[in-house]
Every structure is written in structure tokens, then in C-alpha cells.
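Per TrEMBL, the features are as follows:
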type	residues	note
TRANSMEM	A:6-23	transmembrane segment
TRANSMEM	A:43-76	transmembrane segment
TRANSMEM	A:88-109	transmembrane segment
TRANSMEM	A:116-142	transmembrane segment
TRANSMEM	A:162-180	transmembrane segment
TRANSMEM	A:211-231	transmembrane segment
TRANSMEM	A:237-257	transmembrane segment
TRANSMEM	A:290-307	transmembrane segment
Amino acid sequence: MNIRALPLYVTIAIFLLAYLVCWTQFPAMLSTRVIGNLLTDNAYLGIVAVGMTLVILSGGIDLSVGSVIAFSGVFIAVVLRDSTLHPLAVFAMLLALTTAFGAAMGFLIDRLAMPAFIVTLAGMFLARGAAYMLSIDSVPVVHPFFDWLEGLYWLMPGKGRLRLIGVVMLLAFAAGIVVAHKTRFGTSVLALGGGEATARLMGVRQGRTTVLVYAFSGLMAGLSGIVFTIYTGSGYSLATVGTELTAIAAVVIGGTLLTGGAGYMFGTFIGVMTMGLIQTYIVFDGSLSSWWTKIVVGVLLLAFILLQKGLVKLSQDRLAAGAGR
Amino acid sequence: MAGLMRRLAPQLVALAALVGLVTAFYPAFLDLSFGGGRLSGPLVDVLKRAAPVALLATGMTLVIATRGIDLSVGAIMAICGAVAATAITAGWGLPAALLLALGAGAAAGLWNGVLVAVLGIQPFVATLILMTMGRGIAQLITEGRIMTFTDAGFAWIGSGTALGLPVPAWLWIATAAAFALVLRRTALGMLVEATGINRRASGLAGVNATVLLVAVYVAAGLCAALAGLVVTADIRGADANNAGLWLELDAILAVVIGGNSLLGGRFSIAASVIGALIIQTITIGIRLAGFPSEYNLIIKAVLVLVILVLQSPRLAPEWQFWRDSLRAARNRPADGKGAAK
């Protein structure tokens with residue numbers, strides 16, 4: 001068995017097991033309604049986690065995404081309020097802006113050779129500050145096109161509603177899987193995460209790859225902002241505080257190595273769904289308090305980090321044994 | 001002493017420039033008055049309000065000096081505040097409440113330290129776990145409520161006055177001074193620096209890096225506990241959701257403004273607490289000068305960027321070249337162009 005895929009199998013097993021436990025207590029959990037809601041409610045988190053997975057695979061981190069989502073919401077709401085532009089034009093402007101923002105952070109990380117953690121921290125302050133500058137108050141989005149988007153859904157068998165934003169998330173994951181695992185760029189990203197020196201020797205263009213990775217994360221954060229705005233129907237500069245940490249947790253629970261170089265985009269999808277499932281269970285139960293979500297997610301995080309630590313050590317020991325022979 | 005002043009010069013100049021700038025917009029900024037046994041004025045307010053970040057920055061300086069980072073200090077503040085408030089409302093008395101809170105902080109630091117030093121998990125990841133879980137644990141302790149109390153002794157820690165200055169100000173000054181003395185009057189500080197520069201080499205040189213690392217995270221946990229006590233005592237209530245929220249980022253920023261390298265090694269606690277004062281002066285200054293507080297985050301972002309450019313290992317040779325050519329130009333007489341040919 002491929003040892004690298006083990007965290008992915010563990011992730012899938014935990015998700016299925018958790019679903020089984022939920023189903024034995026609440027048979028209604030296994031309805032397309034619940035599944036439809038699971039996809040809708042976690043759409044923005046899933047999309048941003050796609051970008052985060054690529055960043056983490058490259059050995060970096062992007063702390064700015066939560067602020068970028070909030071900025072996107074405020075930007076869309078304010079531009080729609082103060083101009084007569086069509087929402088699609090606003091979306092295009094926003095995605096160009098957030099992608100350029102991500103690319104700029106990638107450029108700084110590469111050029112200054114500073115930790116991604118602190119560069120994207122500056123990005124986090126900047127995006128949140130820019131959102132405050134646009135508007136401190138929550139701005140409602142009033143546009144017929146938005147209402148149409150919000151009401152768009154496909155009725156699954158069993159009366160479950162697969163809404164547009166759920167579909168966008170699934171498409172984002174499909175795109176993420178192709179980019180990460182089927183393209184030359186994805187291979188460069190994984191090589192970079194595995195070790196900068198070896199990647200350079202392999203002929204990976206380090207600067208270009210770093211810029212593209214953060215640009216991709218910025219694009220996904222912008223898309224997530226659009227989805228979040230459709231979901232909530234307003235733009236608020238204090239929204240999605242801490243989403244970057246939830247996304248990082250989802251990526252790790254999905255089996256991606258936090259030091260980079262190994263992991264699967266599909267695992268992140270399962271990670272996001274597992275976190276959504278915990279919340280759904282708490283809602284179904286009714287007597288449990290919401291803080292249990294944080295604790296359970298923290299425990300899962302610890303379990304996966306320890307599992308990966310063990311696996312890395314195992315493979316290193318195997319390598320050492322091989323070298324000694 | 002001269003060496004210390006030279007080390008602190010950029011931070012002190014920045015702080016003085018900021019105070020000057022704020023005074024230009026709001027002349028009453030420098031007003032101090034003495035009444036009712038205490039000093040009051042905007043500057044005293046800066047000293048008081050800087051307490052949580054300055055306390056966190058003291059511990060964070062050590063963690064960063066070992067090439068680590070502690071993201072969980074904000075969550076630890078919430079836990080310790082919750083523990084203290086619960087103990088006070090349960091009627092266990094002030095000493096027990098304070099000891100329990102400090103114990104909780106030390107335990108949280110021990111947890112982080114064991115993950116980092118014994119299990120060998122990267123600090124960023126290891127402390128992320130407690131950052132995610134911590135507020136859940138704090139809510140578990142307070143059962144999801146904002147736990148309020150009326151104990152005058154505890155409230156004194158957050159809003160009392162001693163010898164003319166607010167108690168929180170004394171608390172952070174004393175803590176930072178105690179840490180600086182213990183680290184600089186013994187070999188401990190040097191050992192911390194050695195571990196940060198190269199853990200393996202310092203281990204081979206006989207430093208017990210594992211124990212040292214755990215101790216550093218415990219110290220950060222204790223500092224976070226003190227900060228949590230100050231915040232909780234100030235509002236006379238433990239707010240598990242908002243106590244210390246995002247303060248870990250301000251603490252890291254204070255350490256970085258203090259000129260400490262994120263890549264570990266040499267550190268200065270004095271510079272870090274001046275960094276905390278700079279952040280607080282910006283926050284209060286923006287409000288007093290009549291600007292909207294939204295500028296705060298943008299200014300912080302610009303500050304981080306400037307420091308990044310100054311610290312960048314890739315730009316270091318260029319700074320060096322620039323400095324050398326400046327020095328050469330100064331040493332050379334005005335008509336000495338011929339020497340360059």
C-alpha cells in the first residue's frame with residue numbers, strides 16, 4: 001500500500017464512521033436534504049480550502065484568506081450599491097483584484113525570502129483594513145440577479161436541494177484535483193513542498209511557482225467571497241474572522257502534510273465535510289453546545305498531526321535502513 | 001549600557017517620532033495631571049492599555065528567539081480568565097483563583113512545549129491545535145456564559161492604582177524586568193539564543209535543548225495567564241469568545257517591531273515591550289487624532305511590510321552594500337573622486 005495515501009484512507013474512514021454513528025442516532029441524517037445543506041453551508045469554506053491545500057502542498061501558508069473573503073463581500077456590496085455595473089462585471093473585477101493580491105504576496109515571499117506566515121499576516125491586516133475602509137456597517141446586496149442566483153437549485157431525489165453555491169464548490173474541488181495532481185504545475189508545487197533545494201535541482205522554477213500558488217489561493221478566496229456573499233446576501237467587514245484557521249484545519253484533517261509535499265485535494269473535501277458533519281450533529285442533538293465543535297476539531301487536528309509525524313518518521317527510518325544496507 | 005541603547009535606538013526613535021506625530025494632531029496627548037493619588041493622561045493610558053500585548057510579547061520574544069512561534073497565547077488568555085472568574089464566583093478566594101489561573105497557563109504552555117520539543121512538531125502547527133481548541137475549553141469552563149464577578153481585589157489587578165500608576169502597567173513592567181534580569185544575569189538567555197540559532201549544535205555543546213524549549217513555552221503560557229488576568233479583571237468578567245482575540249498577532253508584531261528576527265537567535269525583551277508601546281500608541285493616537293480606527297490595520301500591515309524588507313536575508317547584502325558605500329563616501333574627501341577610478 002502507498003504509505004503516502006494512508007492519511008487519505010484514514011480521513012475517509014473517519015468520515016464514514018462518523019456518518020454511521022450519526023445515522024444510527026438520527027436516521028434522518030442520511031437524507032439528501034441534509035447532504036444538500038452540508039454542501040451549501042460549507043461551500044465558501046470548501047472553496048477557500050482548495051486554495052489553501054495547494055498553498056500548504058507547496059510548503060507555505062496563507063493567513064489572509066479570511067480577510068479576503070470579508071473584503072470581497074464588502075467590495076461587491078459597495079460597488080453594486082454605488083454603481084450600475086452588472087454583478088458579473090463586479091465578480092470579474094473582484095477576482096482579478098484578489099488574484100493580483102495573492103500574486104503580490106507570493107512575489108514578496110519569494111523575493112524577500114521571508115516566512116509565508118508573516119507576509120500573509122500583513123496581507124491579512126491589509127485586506128481587513130481595506131474592507132473597513134469601504135464600509136464598517138453591514139451592506140445588504142439588493143439586485144435581481146443576486147436573488148436569481150440565490151434561488152437557483154437542483155432538486156435531488158428525496159427533496160434535497162443542491163444549490164448553485166454547492167455546485168460551485170464541487171467544481172472548485174474538481175478544478176483543484178486537476179491542477180494539483182494532473183498538471184506539470186501541480187507536480188512543481190509538490191516538489192517545492194518536498195524540499196526547495198531538490199526542487200531547484202529538478203528544474204522547478206521556484207519564483208514562478210510560488211507566485212502562481214498564492215495567486216491561485218487569492219483567486220479561490222475571491223470566489224469564496226462571491227459564494228459567501230450569495231449565501232448571506234450582504235457584505236460585512238467583520239465577517240469570516242478566523243476562516244483561515246478553519247480552512248487550515250480542514251486541510252490537515254484531510255490528510256495533507258502541513259510541512260508540504262504530500263497530500264490529496266480530495267482529502268480536503270472530506271475534511272471540510274467532516275467538520276460540517278460535526279456541526280450538523282450538534283444541531284441535530286440540540287443539547288450539545290457549539291463549543292464542542294472547536295474541541296472535536298482540535299482533537300482531530302492533533303490526531304492527524306501525530307499520525308503524520310509517525311508516518312514521516314517511519315519512512316525516514318526506512319530510508320535510513322535502505323541507505324545503510 | 002551603551003550597547004543596550006544602540007540596540008534600542010531604532011525602536012525608541014520610532015516611539016518618540018510617533019508620540020511627536022500624535023501630539024502634532026492632538027496637543028493634549030502629553031498632558032499629565034496628578035490627582036486623587038494617581039497620574040492620569042493619555043500617556044498613562046498607553047502604559048495601561050499596552051499591558052496585555054506587552055505581557056504576551058515578553059513570553060513571545062523567548063519563543064521566537066528559539067525559532068518558534070506561539071499562536072495559542074490568545075486562547076490561553078481566555079482559558080486563564082475563565083478559570084480565575086470561575087474560582088472567584090465559586091468563592092474560593094483571590095489567592096486560589098490567581099494560582100489556579102497561573103497553573104492553567106503553565107499547563108497550557110507545558111502542552112505546547114511537549115508537542116514542540118518532545119514530539120518534534122513544528123511550533124506553528126503544534127500551537128495551532130491549542131489555538132483552535134482553547135476557546136472551546138474556555139467556554140466549557142464558563143459553560144458558554146460571560147462570567148461576571150464583583151470581587152474588588154481581583155478587579156484591582158485590572159483597574160487599580162499603585163504608587164500613582166495603574167496596576168496593569170506595573171505588572172508588565174515588573175514581568176518584563178524580571179524576565180530580562182533572569183535571562184541576562186545568568187547564562188539562560190545565551191542558551192536560549194544558542195538553541196534558536198542551531199538546536200542540534202547547542203545540543204552537542206551540552207545544552208539540554210528539550211528542557212529549555214519546554215521551559216520557554218511554559219514561560220509564554222505564564223505570561224499569557226497574566227495577560228488573561230489583566231483583561232478579565234479589567235472588564236470584571238470572563239468572555240471566552242473575545243478575551244485576547246487576535247492578540248497573538250499583535251504580540252508577534254510587537255516582537256518583530258522590536259527588531260527580533262523571526263528566524264531565531266538574538267533577542268531583546270526591552271525592544272519587544274517598546275514594540276508593544278508603539279502598537280498601543282498607534283491605536284490610541286489614531287483615535288485621539290480623530291482618524292477612523294480603520295486606519296489601524298492598514299498601518300499595521302505597512303509596518304510589517306517595512307520590517308520584512310529590513311529583515312529580509314535576500315536584501316541583506318544590498319543593505320550592507322548601501323551602508324558601506326555611504327561610509328566610504330563619508331570618509332572620502334569631497335574631491336576624492338579619483339580614488340574610485
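Using the three backbone atoms N, Cα and C, a Cβ is placed for every residue, glycine included.
Sequence-remote contacts of a segment are chain residues at least 6 beyond its ends whose Cβ falls under 8 Å from one of its Cβ atoms, and for the transmembrane segment (A:162-180) they are 36, 39-40, 42-44, 46-47, 50-51, 53-54, 57, 149-150, 152-156, 186, 189-190, 216, 220, 223, 227, 230-231, 264-266, 268-269. Contact check: the transmembrane segment (A:211-231) against the transmembrane segment (A:43-76) gives at least three Cβ pairs closer than 8 Å, residues 6 or more apart, which meets the contact criterion.
The highest tally of CB pairs under 8 A with the transmembrane segment (A:237-257), across A:43-76, A:116-142, A:290-307, is held by A:43-76.
The transmembrane segment (A:88-109) shares more Cβ pairs under 8 Å with A:43-76 than with any other stretch in the list A:6-23, A:43-76, A:116-142, A:290-307. Ranked by number of Cβ pairs under 8 Å to the transmembrane segment (A:43-76), the listed stretches A:6-23, A:116-142, A:290-307 are led by A:116-142. Note on the transmembrane segment (A:290-307): residues 6-7, 10-11, 14, 246, 249, 252-253, 255, 258, 274-275, 278-279, 282 of its chain, located 6 or more positions outside it, place their CB under 8 angstroms from a CB of the stretch. Here the transmembrane segment (A:116-142) has Cβ contacts under 8 Å with residues 55, 60-64, 66-68, 70-71, 73-78, 80-81, 101, 105, 108-109, 214, 229, 233-237, 244 of the same chain, all six or more residues outside its ends.
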